[in-house]
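Asks: Take a look at the following structure, please.
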Amino acid sequence: MMKLIQLCILFWCWRAICCHSCELTNITISVEKEECRFCISINTTWCAGYCYTRDLVYKDPARPNTQKVCTFKELVYETVRLPGCARHSDSLYTYPVATECHCGKCDSDSTDCTVRGLGPSYCSFSEMKE
């Protein structure tokens, strides 16, 4: 009986790790350009999920403590035309689409690594309804 309980606990721990890992997910983002004065919502894919991480009590200066986050490993770019743009302005908007995810260091050159970013649905202008 004890072996069965241990097996069940092991299974549930494995399931918790495997089923909530870093993976592609569908999201909706708001895109805008100042010349267009409108936001539109676009469906795309991005990375979401959990990565094993820890915060050490003793900070060893010789060994950096890098927290891993769920981020893209591969991405492509897609382009849409924004409606309502001024004449002679560039109405094209290019946005990233994740095609593969992994647990790795957050690259602040290409990603908002802050805890409280604006979020994917932030919009400065009114949203254009379809």
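Each Cβ is built from the backbone N, Cα and C atoms, and glycine gets one as well.
I grabbed these lines from Swiss-Prot:
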- Cys22-Cys70: disulfide bond (DISULFID)
- Cys36-Cys85: disulfide bond (DISULFID)
- Cys39-Cys123: disulfide bond (DISULFID)
- Cys47-Cys101: disulfide bond (DISULFID)
- Cys51-Cys103: disulfide bond (DISULFID)
- Cys106-Cys113: disulfide bond (DISULFID)
- Asn26: N-linked glycosylation site (CARBOHYD)
- Asn43: N-linked glycosylation site (CARBOHYD)
- 1-20: signal peptide (SIGNAL)
Asks: If you compare CA-to-CA distances from Cys39 (disulfide bond) to each of the disulfide-bonded residues Cys51, Cys101, Cys106, Cys113, which comes out shortest?
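Replies: Going through Cys51, Cys101, Cys106, Cys113 one by one, the closest to Cys39 (disulfide bond) is Cys113.
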Asks: Tell me, which recorded positions from Cys22, Asn26, Asn43, Cys70, Cys113, Cys123 are within 10 Å of Cys103 (disulfide bond) if we use the C-alpha atoms?
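Replies: Among Cys22, Asn26, Asn43, Cys70, Cys113, Cys123, the ones whose Cα sits within 10 Å of that of Cys103 (disulfide bond) are Cys22, Cys70.
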Asks: How many other Cβ atoms sit within 10 Å of the Cβ of Cys47 (disulfide bond)?
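Replies: A 10 Å sphere around the Cβ of Cys47 (disulfide bond) contains 24 other Cβ atoms.
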Asks: Using a Cβ-Cβ cut-off under 8 angstroms and a sequence gap of six or more, which residues of the chain neighbour Cys106 (disulfide bond)?
Replies: Gln67, Val69, Thr71, Cys113
Asks: When the Cα of Cys85 (disulfide bond) is compared with the Cα of each of the recorded positions Asn43, Cys47, Cys70, Cys123, which one is closest?
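Replies: Closest by Cα: Cys123.
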